[in-house]
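**Q** Quick one: the structure is below, and I'll ask about it shortly.
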Amino acid sequence: MTEFDNLTWLHGKPQGSGLLKANPEDFVVVEDLGFTPDGEGEHILLRILKNGCNTRFVADALAKFLKIHAREVSFAGQKDKHAVTEQWLCARVPGKEMPDFSAFQLEGCKVLEYARHKRKLRLGALKGNAFTLVLREISDRRDVETRLQAIRDGGVPNYFGAQRFGIGGSNLQGALRWAQSNAPVRDRNKRSFWLSAARSALFNQIVHQRLKKPDFNQVVDGDALQLAGRGSWFVATSEELPELQRRVDEKELMITASLPGSGEWGTQRAALAFEQDAIAQETVLQSLLLREKVEASRRAMLLYPQQLSWNWWDDVTVELRFWLPAGSFATSVVRELINTMGDYAHIAE
């Protein structure tokens, strides 16, 4: 298995280094749910600004304030403790009376707005995230500038970031230990983290191998293609390749890579053979996903940051702004720009 730091770069390995997250204000994330609260229902959606608090900590504090069980507070995604983040939490509080959230006091946390909603907010149920990042101590401004232009046009690999695998790869190591054992994992969080790390590592490996090919973005017979911004896909046939290639070049369609598991992978013929060969040696992780009945799925191979802009504060400091769809990683954009000083596996998704 190729280490995250050695996965293929789309624009070549960066020439310079830089620092990500010198302080929390250098990493700002604003959740975009893609919908507005219903204004009625037994749940309450709260938009919360936090600094120095991780998501689970805030959710537990909110549950305690509302005198409800922790499982009655949900969120769409984990956000990092060492960042400034705006995200939505959801609490199940039946009844007409609205709690007085001005009395909710937690250091580093502020309730910005709240409203009733009919449905529970589930993990992954958001449109995307808007990022404002500051990269400091950049050693090669010219190289970063060139890469930003290239990313605007060509995107970046849609890798799962190092944080998916835990500090020091602990989640992936946990998955490997579990795969080689018949002992059940009763901790639901560990089970989820380990299975996610296993599938993500296999996806990264498939993308890594495809990006090694000079014609990586050429549609091949049996590729699974996805309409940009959609989750469903269809299979390319040899008769359609010229027209499908035109649509891929125009970013209307995206070539996908497998999120392996049980069931059909989605690709066929030449594309399926390539994906199977790319992870042929990773039998332990594949067996785990089959054993635990994790359903196979697809994910776009490339990621195009939307609304990408940047502003140089000086020759060694640049502020980046961009929007990414849910499930994509800002750190996978940053790794195409600089060799990051320090380990950012601690950054939450």
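Placed from the backbone N, Cα and C atoms, the Cβ positions cover glycine too.
The model shown is predicted, which means the values in this text are computed figures rather than measured ones.
According to Swiss-Prot, the record shows the following:
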{"type": "BINDING", "residues": "Phe27, Asn129, Phe329", "note": "substrate binding site"}
{"type": "ACT_SITE", "residues": "Asp80", "note": "active site, nucleophile"}
{"type": "DOMAIN", "residues": "155-303", "note": "domain 'TRUD'"}
**Q** Per DSSP, what is the residue tally for the domain 'TRUD' (155-303) in helix, strand and coil?
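**A** Taking the domain 'TRUD' (155-303) as a whole: 72 helix, 24 strand, 53 coil.
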**Q** Given Phe329 (substrate binding site) and Asp80 (active site, nucleophile), what distance in Å do their CA atoms have, once rounded to a whole number?
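**A** If we compare the Cα positions of Phe329 (substrate binding site) and Asp80 (active site, nucleophile), the gap is 12 Å.
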**Q** About how far apart, in whole Å, are the alpha carbons (Cα) of Asp80 (active site, nucleophile) and Phe27 (substrate binding site)?
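**A** Computed Cα spacing between Asp80 (active site, nucleophile) and Phe27 (substrate binding site) is 9 Å.
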**Q** Considering each pair of residues in Phe27, Asn129, Phe329, all listed as binding substrate, report the largest CA to CA distance in Å, no decimals.
**A** 13
**Q** Taking DSSP as the reference, which of helix, strand or coil describes Asn129 (substrate binding site)?
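**A** The three-state answer is strand.
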**Q** Around the Cβ of Asn129 (substrate binding site), how many other Cβ atoms lie within 10 Å? Please give the count over every shown protein chain.
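**A** Counting Cβ neighbours of Asn129 (substrate binding site) within 10 Å gives 25.
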